[in-house]
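Undergrad: Got a structure for you, questions after.
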């Protein structure tokens, strides 16, 4: 349909803008053919094609959807495929959404193999165009897009497309050749200051190729693309990163917006995230004036206020009344959370109930277009961020059709044009949004009440603007009564959305049963997730004969019972609300089969079906599985370890040793398996750090920084730490991480240009992480940084073995991240003892041998003494030493009548003869008994201790003098108080004896313990704590 019929209804300045565009295009430095093509391009008038279409209007009125898109609620079908949207279109209309906002429809970088559809690894590629054609691997084909738009219009719903008009992908090589012209893009200069308008609009965002929006050919090609999207059925656009595109004539005489906005869409708005110098109101006016029926910008600060309210568990009216943007309210788009808020983890923590309460309040006001973001299935709130229980393309969680959300949509639609009053009821846990006409007709009025988890509220006595009458809640069926400007009866419970009004549409709660994915080809088997919402008696059947009841989220597997080339169907049934029967069938295709004949396993060290791993030298081995024949249909391999406590195996065959033992590693393809036996020896040395590798050519070898945190700890101070050259074009930095916690990190050039993984940050675990082309590989070091061995140690020291016996030795290599940690073992005399590569020593015959462990040029040795069976090994005494209180320099002095306790230490500790014989050279001066010396008379005596053929001696001088009789003794020492001493297990305390009077002859002191399991005491009074007691 021609757009000319709509020009009469546009404002004069809009027409002037369009005419100016036509004049500009006439003077462009384009070929005549290009201009001719532009003039001949079909231009669909979306407004006339919908609001001016009787069939569309009948459908719109059936579901009570608003005439103007800005007056209604919009459902953001985030990452739903065209097929998925089409299947849910009736529910979308029933739920009261005037519009849907779908993702970017252009060709994008194909990352379909990465993560096989996982959310975390794929969602941001939808914002990386590579061409101006319609259709991509996430959403579907152009024909599917057209069909989806037709189905939407059949239900009175309009379609907003997310337009990426600022940039292409960051990878030049994957951009379509027709766009590989550097003149089409701004220079690759990163944005340094987002509040500098020129920097923000003329430089690159996150490394993405920034379109040269001053280039007339670029503008014309993009305009043609958007006219084509509207011609295929779109009704509006949301322009991603709009603030990064200069306003008309702002820089370089840009006419980009004037060229692309006259595309036939009835509503267009820009993502203009608020900041210090963004010119939000100018953008709002531009989008509003350049669209057939209005437009505007995102109110991002208002969205932050919505999240503030949820964070405070409050619905105080102050959160909802200030839109925090200097533009007309009908030029704003508001949300509780956007896809960026969720994917950047700003709103992930909020539960569906919290979002529902805030949404219903914001939505009921009817002051701006509202956007409801549909989260991935079973994700967010108390669940995982991206649970991966669904794939991209699947329908998200069921929150968008929950009765409270739907009631707020119905309420909003019914109240278009009414006045509004918002007030708290009984506290900031309860809020009322009144919509009224004051015409004496209660059926035209209504109030939406929302409460938090902090409690319900009795509404009786509340002042109100509503006309007298009884109002019924769409959700619960409860009522309130109004008389004389007061609510006279009625209440709401905690965590409730209640819409008290007279509905104008069918308000039967939505119920559904489905399977996801909703289609697809597969090779061997396929997992299908069954979904149920507000259903009774949900059950399924398959064409393979399986059947049963199911709950929401149950998973079934299909394909095992079907031959290659066959279709497999899954049918879900159940009873919905009002007894409505739901029956849906989904079809999946199993490809033609070339059967697997055999599987074989190979890898470094694999020999005759066996693999040995010494954890002292290596902790992982990469295995490979080969499927025969090479053209077998099912070539995907599943790996399994029979004992994961010994060794695990990843989905790609990487075996990681855990502890000594034996396990079986099995690779299976299409039911055919091969196995090897893995024997693990040694002990795992826990890495002390995590080394991150990053390409040097991204930001430069001398200007690349890593900004990181360990676990949930504190981030480094931006820009972070400079990385150092590693090898092979890579930089590296080792993060101290002895507990091997997950690490989160981003990269930058130190001047504001960041690589933050599309806003997701990079995350990983392990001793090494490789980042390349946006992908993270754990344990994937691209090269080895040489860390020299500083020392080798053998645990246990020298030891004995009987002939025929064996002992396993363990060597520790330092540091733990040394490059060459492989330990080699050697025996100095293999006739006496041998040692294998694992450190296992075997005694052969009597004698001694030196066992040496070597790693990285460093060695350690121990001596093994081998004896014949039952023949004791004689270990000679090497030395004897005497010690005791008061002994110094081989001398001691005591009084006549006094005593001295001596100890003799025999070395080595395993010497065969440990018996000590004591003697004195002059018993008339000093006697000795088992080391206890007593002074007899003045003079000197030599006290000797002998063990084996070694001896030690000290000289004792006895002083004659007047002594007092001993009256009493007391024990003293650190911590002794009131005859009690508290000591920690393993600690020692030196005790002493005090005599009364002080000059009394103390004599020999004997020490003993009443319970040696609690504490022992030696002859000098040294106490050692052994256990509690």
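Placement of Cβ uses the backbone N, Cα and C atoms for every residue, glycine included.
Copied straight from TrEMBL:
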- 1-34: signal peptide (SIGNAL)
- 72-412: domain 'Glycosyl hydrolase family 13 catalytic' (DOMAIN)
- 595-679: domain 'BIG2' (DOMAIN)
- 689-772: domain 'Carbohydrate binding module family 25' (DOMAIN)
- 788-865: domain 'BIG2' (DOMAIN)
- 876-957: domain 'BIG2' (DOMAIN)
- 970-1029: domain 'BIG2' (DOMAIN)
Undergrad: When only pairs 6 or more apart in sequence are counted, do the domain 'Carbohydrate binding module family 25' (689-772) and the domain 'BIG2' (970-1029) reach 3 or more Cβ pairs under 8 Å?
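TA: No, since the domain 'Carbohydrate binding module family 25' (689-772) and the domain 'BIG2' (970-1029) share fewer than 3 Cβ pairs closer than 8 Å, they do not count as touching.
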Undergrad: Are there three or more C-beta pairs under 8 angstroms joining the domain 'Glycosyl hydrolase family 13 catalytic' (72-412) and the domain 'BIG2' (595-679), sequence spacing 6 or more?
TA: no
Undergrad: May I have the DSSP-based helix, strand and coil counts for the residues of the domain 'BIG2' (970-1029)?
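TA: So the counts come to 0 helix, 21 strand, 39 coil.
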Undergrad: Would you report the average pLDDT that the model assigns to the domain 'BIG2' (876-957)?
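TA: Mean per-residue confidence for the domain 'BIG2' (876-957): 88 out of 100.
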Undergrad: From the DSSP assignment alone, can you count helix, strand and coil residues within the domain 'BIG2' (876-957)?
TA: 0 helix, 50 strand, 32 coil
